[in-house]
Every structure is written in C-alpha cells, then in structure tokens.
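Written out below as structure tokens is the structure these notes cover.
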Amino acid sequence: MPASVETSVPSVPSSPHTMNTYGRLPIALSHGQGVRVWDTNGKSYLDGLGGIAVNTVGHNHPKLVPALQDQIAKIIHSSNYYHVPNQEKLAAKLVDLAGFSDNGGKVFFCCTGLEANEAAIKLARKFGHDKGIERPEIVVYEKAFHGRSIATLSATGNEKVQKGFGPLVEGFIRVPLNDIDALKKATEGNPNVVAVFFETIQGEGGINAMRIDYLQQLRKLCDERDWLMMIDEVQCGMGRTGKWFAHQWAGIQPDVMPLAKGLGSGVPIGAVVAGPKAADIFQPGNHGTTFGGNPLAMRAGVETIRIIEEEGLLENAAKVGAHLKEAFGEQLAGLKGVKEIRGQGLMLGIELDRPCGVLVQRAAEQGLLMSVTADSVIRLVPPLILTEAEADEIVAIVCPLIQQFLAEPVAP
Ligand SMILES: *Cc1c(COP(=O)(O)O)cnc(C)c1O
C-alpha cells in the first residue's frame, strides 16, 4: 500500500447510483442480535460502534422489536396537522429526565442531530431578536461537531467539514475548550452574544470533555449575562455516560438541549429539549418539519427510554464503561504512542500519537466494529447493553492491534 493512503480507510467503489459521500468499509451488515452483528457473508462482529452511538439497546431487542412492529401495523406517519399522542408522552418524559418538569420545559421533535441543532440555533437567534438584538451571535468551540447543514457546519469547529461550502453562516464566535478567561475575552463588551453552544463530551472531535468546574463556571456566566446555555447532547446523551445527559455529572441544567442519535435506538429521531428560558420562544409558524415527531419515531423513543429504565442501562453503561476503561489502562500502560485513554461510560476514546484510521479495517477483520475520529482517536460507542465479558472481548481485539500498529515504522 502506498504511504500516502496508509492511514485512510480502504473503501470499495460506491454503487454507481449513490453519491460518493462516505469512505465505506467493504462490509454490508445483514442482521444483529444484542451487541453482535453479521455481514452478508455470515462473518460476525462485536458492535463497538452501535451505528455511531445510535443502537442504544442493541440489535433485535426483544422488547423494542414487537413494539415497533405493533406501531408500524397501526400507523407509521400521520402529520403535525394532528395530535400525535406519543409526542406528548415522550416530551413529558424528556422534560422530566432533563429536570424541567416543574418549570415548564418543552420539546420540539425532528429527525436528526443537525436538525435539532439547527432548531437550537434558530431558538438562540429569536431569543436575541425578541430582546432587540438584531445581529445575534453564538459562542461555539474549537473541534466541535454539530452537523452538516450550512448553519450547523458553520458552528462546527473543523475546517474539513467546512471546506468547499462557504460562505459560512455568520454569527458564531469560536473559543477553546475549558478556558473561561478566553471565553470572557472573546465576548468582552459584545452586547450581541445570545448563547453558548457546545457538546459536553465532543464526539467527532475526539472524545474531548468539558471539565466539570468549567461547566459550572459557564452556567454562572450564562445566568449573569442572560445567555442561553445550549448543550448538544446528540452523541453523549441518552444514558451513554451513565447519566441520562452527560452535563448532569456537573449538576447543571442547560436552557436548550438537542438530542438525536441514541434516542430512538435506530429509528431516525431528533429532539430539542428546552427549559423555561427557551420553551416558549417558538410560536406558531416559526418552525416545523414534516417527519418530526411521527408516530413510529415517537414509539421508538418511548420504548427506548422504557428499556433503559427497566434494564438499568445507565448503571450498566457506567459500570461496564469503567471496566472497559480500566482494562485498556492496564493493557496499554506504559505503551509509548498511546497518548490518552479518555471518556466516560460507554463513550471512550484512545488517542494515539499518530493517525490510525487503518485500524478500523484491521479491527473489522478481527471481528470488531469501531471507528477512528479526529484522525488519531479510536472511538468506542457500543450499545448500552454491553456486558463486562463483551467488553473484555473488545479489549482482547483492540489492544494487540494497537501494540502491533505502534511497533510499525511510521509512514514518512
Ligand atoms: C452526529 C452528531 C450531530 C449530527 O447528527 P446527524 O443526525 O448526523 O445530523 C450533531 N452533533 C453531535 C454532537 C453529533 O455527534
């Protein structure tokens, strides 16, 4: 293999009729059971990716599948011209989990993460306009990922995502993570700031966490300056870190919280949960989406939360995640080239000192699905039903791969 492509994932030619947007592995999955999936050749894999933090309750879950079958037979889609009873049910549940049940929290439903973030950005702008700020600005972060619509890629802190799609949307101020002084300096004397917008733990950016003390300082600053705190929990939310939402480890509450990925265990769904400060910003005609909150997606959300509760998956994510992190720590201790093992619960990253995209293919050959993000960070975001025994299997595949990889000469 020539050195220049050494670190990229080998891909097979795309089908002639689908756009060439993904560097795909030469694998097609046909079915799954729990944390295991099989490809169309019958090879089995441990699913360390969970469809990128989406398959919360694993594959073919015995409670989720019959519930979805029942829903499909009744009605898949109606329209927001009518009431959808499970919208109210899921919204009430999310408001409760986010701690807003006593003070008027509300939810807007959509279908994807970027769409939830797009709604958050619109909320922040209207929040500004409602108080006379005509050119509202939103603080965003280095290495952030918020999606690939024009507004959300503008909020994203990754030039690769933005390249070729300018002009970007204006009204974003970018700051480094975990540096309250830098934030104060960047916004000093600026009356147009209306919100700060961030991931509690950056997913695509390389599993980078906001520190607890920073989150608490930031909450205070948002209150003092009347800014909305908007926390993108699209990837780190829905139980992944061992709490419903990752920011809850800091004992704070956001004003606006976009969700998606794990909320429907694989059925496309997005949501924006708003606290009292943002719940009533949108009025009829301000926002909407055809598919948002449809009966199938709402049923998936309701059942996903029910299963997380009934099966103690928050506790499981915390316990098995800690076990996994500890096992990696032991196995990789002292290995030169491993920079850091980080993350919380079942959202873990292992940062190497060099690009390691090639490991995705090698892991798949060994029967493990995982990803590499930010070029050099191995990312594991498996279903929350992962057992310690399955975690040990992951470690037994990943660690030798890392050891072997780091012993290879570095490409010039
Ligand atoms: C994946 C992701 C998004 C975008 O979600 P899509 O459903 O792909 O649009 C936004 N924010 C974060 C933190 C994500 O991980």
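Backbone N, Cα and C define each Cβ position, glycine as well.
Per TrEMBL, pyridoxal 5'-phosphate binding site is recorded for PHE145, ASP232, GLU233, VAL234, GLN235, THR290. The Cβ of PHE145 (pyridoxal 5'-phosphate binding site) lies under 8 Å from the Cβ of THR156, GLY157, ASN158, VAL161, GLU199, GLN202, GLY203, GLU204, GLY205, each on the same chain and at least six residues away in sequence.
Summarising the annotation, TrEMBL assigns N(2)-acetyl-L-ornithine binding site to ARG148, THR289. In the three-state DSSP assignment, the secondary structure recorded for ARG148 (N(2)-acetyl-L-ornithine binding site) is coil.
Residue environment of LYS261 (N6-(pyridoxal phosphate)lysine) contains 29 other Cβ atoms, counted within 10 Å of its Cβ in all protein chains. Taken from TrEMBL, the feature N6-(pyridoxal phosphate)lysine applies to LYS261.
ARG148 (N(2)-acetyl-L-ornithine binding site) sits 16 Å from GLU233 (pyridoxal 5'-phosphate binding site), taking the CA atoms of both as reference points. The binding-site residues near ligand 1, defined by a Cβ under 6 Å from one of its atoms, are VAL234, chosen from GLU233, VAL234, THR289, THR290. Packing around GLU233 (pyridoxal 5'-phosphate binding site) is summarised by its Cβ count: 30 other Cβ atoms lie within 10 angstroms of its Cβ, all protein chains included. Cβ contacts within 10 Å of THR289 (N(2)-acetyl-L-ornithine binding site), excluding its own Cβ and spanning all protein chains shown: 17.
The least crowded of the binding-site residues ARG148, GLN235, judged by other CB atoms within 10 A of its own CB, is ARG148. Largest CA to CA distance in the pyridoxal 5'-phosphate binding set (PHE145, ASP232, GLU233, VAL234, GLN235, THR290): 25 Å, whole number.
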